[in-house]
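**Q** Have a look at the structure that comes next, please.
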Amino acid sequence: MWLLRCVLLCVSLSLAVSGQHKPEAPDYSSVLHCGPWSFQFAVNLNQEATSPPVLIAWDNQGLLHELQNDSDCGTWIRKGPGSSVVLEATYSSCYVTEWDSHYIMPVGVEGAGAAEHKVVTERKLLKCPMDLLARDAPDTDWCDSIPARDRLPCAPSPISRGDCEGLGCCYSSEEVNSCYYGNTVTLHCTREGHFSIAVSRNVTSPPLLLDSVRLALRNDSACNPVMATQAFVLFQFPFTSCGTTRQITGDRAVYENELVATRDVKNGSRGSVTRDSIFRLHVSCSYSVSSNSLPINVQVFTLPPPFPETQPGPLTLELQIAKDKNYGSYYGVGDYPVVKLLRDPIYVEVSILHRTDPYLGLLLQQCWATPSTDPLSQPQWPILVKGCPYIGDNYQTQLIPVQKALDLPFPSHHQRFSIFTFSFVNPTVEKQALRGPVHLHCSVSVCQPAETPSCVVTCPDLSRRRNFDNSSQNTTASVSSKGPMILLQATKDPPEKLRVPVDSKVLWVAGLSGTLILGALLVSYLAVKKQKSCPDQMCQ
């Protein structure tokens, strides 16, 4: 970093000092373009110049180099229009350094000085922001799959491969129009303040109806496509028209618009169908208000992809009991039966296993407990009814939200709740608790997509939303705990435990005995006190 500062300081200092002893040489005009991956720097000779300029650059050690085509160092020199020279240097070039969120490259123009000695006649520090949004080069499938007759020019020829791909377009040196749009959506935000949006019909499946693609906020003739082929449609319009919105935040101005398309509807004698999803394309260009430069951000927002195709297959479910409220670990098969005290909390989790579809949602329909492994056996006690806590229990079930975590990438595949342990009562003997195991069971189903209104419901008297919509569910399945729970009475009864009735005669005898004992203790205490307070001769 110190060396870089020294190099920059030396370059700046040489500019100031050499200004006094600068040899007579033609002035040059130059233009810098910050591309997605490289500098594009064009130097133009004025009319007095007799020879093309020679470009030079300083490396990180401060050494001077004449620039030439060097793929190892990421520099290319080509002749531009007229007598101009164009330099293209990648941001990973040997002569480029990262500095204060920018890529910088000190360059110069070399000319003839006194006695025909070569001297640096012009110096410039190329500087491009690092956060300039880079467009990905189109995939080869997006380019090769377009027939030559359907290709829509992206930029006029001649143009280099780097410049073309820097625009997010396809390149073919064998074609007359060497730079053309790929099978996708390509957005350009121009320095002059225009949108340029190219849409391929194959950006969706089935393909788009191109003649139905239009701007959502304005549909007059001035906002119609400027060019169309069988495979593409191209919109170009200024930021001040076609319903474009502008929002200024600090130093940034954001211009936004939206494209929509009509669905392809097939009409039959008994109804109409469509196989198209909704097409809505949101585009955005951001500019710096205080700088007359290229856009600082270009974004295309498409709707989420359609849900993946489903196939029939087994759905594996699991009901587990966690060892604590954090759900950090669970009881395994070898840990059962789980021994708990009455009124202890039990933390339950029901999960979908071996699925990676983020759109799946797990629904708990009914959950209940039985004294045997048979979920249909009697007696039964309801825990959840239609996914909500059973309101007839004075210790109501608590629904626990599931948060996304590193070990839980699909929270919609899990449902959690806690219950307070209880014991079944013998129906033949009044208020006699049945001793033995308690098994948990749940009936569950799956809905899609998860966390949408069709998959949630608000439980009565609860603010928490629960999954519930029979129209979006598959067949209900059942799952049970891996083993039973053995419930024990606590060694110390809680305050609300029922009192045992006691005979009044027993209470009377106990009270009289307590009174006599207290009286004897009082007499003994007074005697001892009197003995300590009197002199020995008087107490004898």
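For all residues, glycine too, the Cβ spot is worked out from N, Cα and C.
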**Q** According to Swiss-Prot, which candidate among Cys442, Cys447 shares a disulfide with Cys367?
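**A** So the cysteine paired with Cys367 in Swiss-Prot is Cys442.
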**Q** Spatially speaking, which of the recorded positions Asn69, Asn202, Cys367, Cys442 is closest to Asn267 (N-linked glycosylation site)? Use C-alpha to C-alpha, please.
**A** Asn202
**Q** Provide the three-state DSSP residue tally for the domain 'P-type' (141-183): helix first, then strand, then coil.
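**A** With helix first, then strand, then coil, the domain 'P-type' (141-183) has 13 helix, 5 strand, 25 coil.
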**Q** What is the separation, in Å, between the Cα atoms of Asn202 (N-linked glycosylation site) and Cys367 (disulfide bond)?
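**A** If we compare the Cα positions of Asn202 (N-linked glycosylation site) and Cys367 (disulfide bond), the gap is 48 Å.
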**Q** Identify, in sequence order, the residues in the chain of Asn69 (N-linked glycosylation site) that are 6 or more apart from it along the sequence and have a CB within less than 8 Å of its CB; answer 'none' if there are none.
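**A** Those within reach of Asn69 (N-linked glycosylation site), by Cβ under 8 Å and sequence separation of 6 or more, are Thr75, Trp76, Ile77.
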**Q** When neighbour density is defined as the number of other C-beta atoms within 10 angstroms of a residue's C-beta, which of the glycosylation sites Asn202, Asn267 has the lowest density?
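**A** Each of the glycosylation sites Asn202, Asn267 was scored by Cβ atoms within 10 Å; lowest is Asn267.
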**Q** Could you tell me the mean pLDDT over the topological domain 'Cytoplasmic' (527-540), as a whole number?
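**A** Summing pLDDT over the topological domain 'Cytoplasmic' (527-540) and dividing by its length gives 53.
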**Q** Around the C-beta of Cys442 (disulfide bond), how many further C-beta atoms are within 10 angstroms, looking at every protein chain?
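**A** Result for Cys442 (disulfide bond): 23 neighbouring Cβ atoms inside 10 Å.
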